[in-house]
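J.: Submitted below is the structure of interest, expressed as structure tokens.
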Amino acid sequence: MATPSSIAAYLVLFAAAAVLFVLVNLTLGRLLRPKNPSVEKGEIYECGEPVIGSSFVQFDIRFYVVALLFIVFDVEVAFFFPWAVVFGKATHLTATADAAVHAEGPAAEVLNQALAAQLNELGMSDAAASAGDIAVAAQSLSWALCAEIFVFFAVLMVGFAYVWSRGDLNWVRTTVNAAPGRQDNAAAPQAA
Amino acid sequence: MLPTLVEQLANDTAGLSLPRSAPEVTLVVTIVALLLARVPAALRRIDPVWIALTGALVALGCLLGEARGGLAAIEPVELFTGMLRHDALGVFSRGLLLMFLVMMVVLSKLTGLASRDDGQDFFVLLFGATLGMCVMCRANHLMTVVLGIEMASVPSYVLVGIVKGRRRSGEAALKYSVYGAAAAGVMLYGVSLLAGLLGSVHLPTLGLRLAELQVASLAGDPSQRGVIMALALAGVLVLVGMAFKLSAAPFHFWAPDVFAGAPAEVGAFLSVASKTAALVLLLRLVSLVLPHGVSVDAALPGEGVSRLAAMSDAGPAAPARAFVVGLIATAAAVTCTLGNLAALSQTNAKRLLAYSTIAHAGYLLMPIAAAIALAEHDPAGASGAAAAVMLYAAGYLFLNFTAFAAVAAIRNTRGAETIEDYAGLIRTAPVTAVAFCLAMIGLLGLPPLVGFWGKLAALRALVDAGGPWMVMLLVVAVLNTALSLVYYLRVVKTICLDAPPEDAGVERPERPTRLLLAVGAAPILLLGIAPEWLARLAGEACQGLFG
């Protein structure tokens, strides 16, 4: 049972297992492995290539700017997914309900069943409402959703245009020249 | 079912919610307009301050439209399917925030923080944070609580570091964001515990569930002790998040460094707007989640009634209430004392104001503790205590705005921010000096300035509530006020009595800045002489808050 104390117990158990897993494996490795170190083994791993310089170098701030922009837009796109699911269901419902209104005979029966199944999926059982009413409601829902995403996307685009016009997307916006000890290759980034 | 659902949704959004959220919509439109105006070359010549000022004034106008029929006439109603709550307290507190926003826009332009070329960055962050604070002021759902706090916090972190290339600024911004992220995480954990234990995220429903839970009878049952512990933990964790926003002890460590590193204008925004929003949110949480006025007649089980249950003769959540009162009262007493003691030895004006901010967070928490204690038996008294909080906060707005604006003005003319450098200011820059002294004496709480009435109302709420906690708070508040006399008056003495430095040149700020200082300082005196109007507004805003 998920009582609060059992949740706490599970958490402690989980943490203990995690710590033990690392400790046991490291100790086991230490006991079992042969010990013959060499200069090559001590080198930085570079996929078999000879290493050039130290790995402790300063990364240019430009990478972070691009990464930050990427994350912003990536998260925005993540907001599209739940919207797309709801929008897809609404338009599907509109299509089915519309077809059910216009169909006759056995086809109508099949479509009505499909409509009921779709509504059931949304957590609604609609015995009372007619297919026509459902079609109208679902259609207004999908139009509202459409307008919503356009507003959302327009605001996003304003931000994008702002960032662009301010030059934050330009790759060469560097302060390398100002950094001390870099005079030897100061001209290189500007030429790029 | 679907047709009625869609119709209800449309009515709720278009008919009920959006018209009552006009100020927020205006803020959003202003943010987009500020950014858009920078894109085409033709519009780039417009100074962003005009767009920001128009937006802030329109938002304030929309809010005054909401309050047209008087605050007392506003019926509480839930907006956006229960996410937000529209009531008099929300309108009053948002009015304070939007008025403060207008003052901030003017101040940041006059002191040169928002320049012609980069001003939109500052204004967008300022408006975004204010939007989040408006959400905090109307939150009615755990999701909007968290969302509002985050929307207010994230722009604040950037605002602290808005002056680029200054080491202290960057350090302050980093400290603030790291502390803020940790506090938000802790609070989210508390929120998730609360939602999981009580099975709802809608604040009034949470209150009902807590009442049904019969905390008092649960405490007597050993097998249910885990639930009580988890509930207490949830309460503590949520209060940790609130304490961070309020800069209340023991989560006040960020404040001095952040206020010292940030520009004085941003300090004003953080200390006033952020704190007002957090106070309103705390009032909402305690008035909605802690059940009150629920007459549950179910008798407690006769046997095995614990000591806790035996003490509570009234409400079903009396132990929860007593627990929260104890937490808030302790935090208030510690915050107040620590803030005042640390302020005694400060030499930097912004650090001094930061510790004064911490001390005032303590004073402001005291009537909230009183309100929770009173809510059990005397809902009207509890609403009165809440009104004391709002009266204090409204006065505090003018006091701290004037103090920080004066610090910014002196920084621009004298280029210094230590208190020694303020020597003899009364002779070289009389308007700034008088405004700063008024703010200091007002913060101290001497009559006839506005700070006095807020403090008086707060202390009276403590007396009304009674009980050992409240007596303790009363003693702490009075002792602390005496203690704060030392450092507030020391600043006044330096400004008025010490000789100005030899090389003091032209020190008067420009005429618009002097005018703004006068506009900020005038309410300190005017509302101090005639506080009835503000007190009545605050009373109407909080009427019926506790049932």
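Keep in mind that glycine also has a Cβ here, set from the backbone N, Cα and C atoms.
TrEMBL lists these features:
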TRANSMEM  B:49-71  transmembrane segment
TRANSMEM  B:91-110  transmembrane segment
TRANSMEM  B:122-139  transmembrane segment
DOMAIN    B:139-289  domain 'NADH:quinone oxidoreductase/Mrp antiporter transmembrane'
TRANSMEM  B:145-164  transmembrane segment
TRANSMEM  B:176-198  transmembrane segment
TRANSMEM  B:227-246  transmembrane segment
TRANSMEM  B:258-283  transmembrane segment
TRANSMEM  B:322-345  transmembrane segment
DOMAIN    B:323-478  domain 'NADH:quinone oxidoreductase/Mrp antiporter transmembrane'
TRANSMEM  B:352-375  transmembrane segment
TRANSMEM  B:387-410  transmembrane segment
TRANSMEM  B:422-446  transmembrane segment
TRANSMEM  B:515-534  transmembrane segment
J.: Out of B:49-71, B:122-139, B:258-283, B:515-534, which stretch touches the transmembrane segment (B:422-446) the most, going by CB pairs under 8 Å?
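T.: Ranked by Cβ pairs under 8 Å, first place goes to B:515-534.
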J.: Counting a contact as 3 or more Cβ pairs under 8 Å, with residues at least 6 apart in sequence, do the transmembrane segment (B:122-139) and the transmembrane segment (B:258-283) touch?
T.: yes
J.: Rank B:91-110, B:145-164, B:322-345, B:352-375 by Cβ pairs under 8 Å to the transmembrane segment (B:258-283) and hand me the top one.
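T.: Highest pair count goes to B:145-164.
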J.: With a Cβ cut-off under 8 Å, give me the same-chain residues at least six positions beyond the ends of the transmembrane segment (B:145-164) that come close to it.
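T.: Contacts with the transmembrane segment (B:145-164): 113, 121-122, 125-126, 128-129, 131-137, 139, 170, 172-174, 176-177, 180, 184, 187-188, 191, 203, 241, 245, 258, 261-263, 266, 269-270, 274, 277, 281, 285.
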J.: Would you kindly check B:49-71, B:91-110, B:176-198, B:227-246, B:322-345 and say which stretch has the most C-beta pairs under 8 angstroms to the transmembrane segment (B:387-410)?
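T.: By the under-8 Å Cβ criterion, the transmembrane segment (B:387-410) pairs most with B:91-110.
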J.: Is the transmembrane segment (B:322-345) packed against any residues at least 6 beyond its ends, judged by a Cβ distance under 8 Å, and which are they?
T.: 232, 235-236, 239, 243, 248-250, 252, 256, 286, 290, 311-312, 352, 355-363, 365-366, 368-369, 372-373, 469-470, 472-473, 476-477, 480, 483-484, 486-487
J.: Mind checking which residues of the chain, 6+ beyond the ends of the transmembrane segment (B:515-534), have their Cβ under 8 Å from one of its Cβ atoms?
T.: 103, 106-107, 110, 391, 394-395, 398-399, 401-402, 405-406, 409, 431-432, 434-435, 438-439, 442, 447-453, 509
J.: Could you pull out which residues elsewhere in the chain have a CB under 8 Å from any CB of the transmembrane segment (B:91-110), counting only those six or more residues past its ends?
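T.: For the transmembrane segment (B:91-110), the nonlocal Cβ contacts are 23, 49, 52-53, 56-57, 59-60, 63-64, 66-67, 71, 74, 119, 122-123, 126-127, 130, 133-134, 137-138, 265, 268-269, 272-273, 276-277, 280, 390, 393-394, 397, 401, 405, 408, 510, 512-513, 516, 519-520, 537-538, 540-541.
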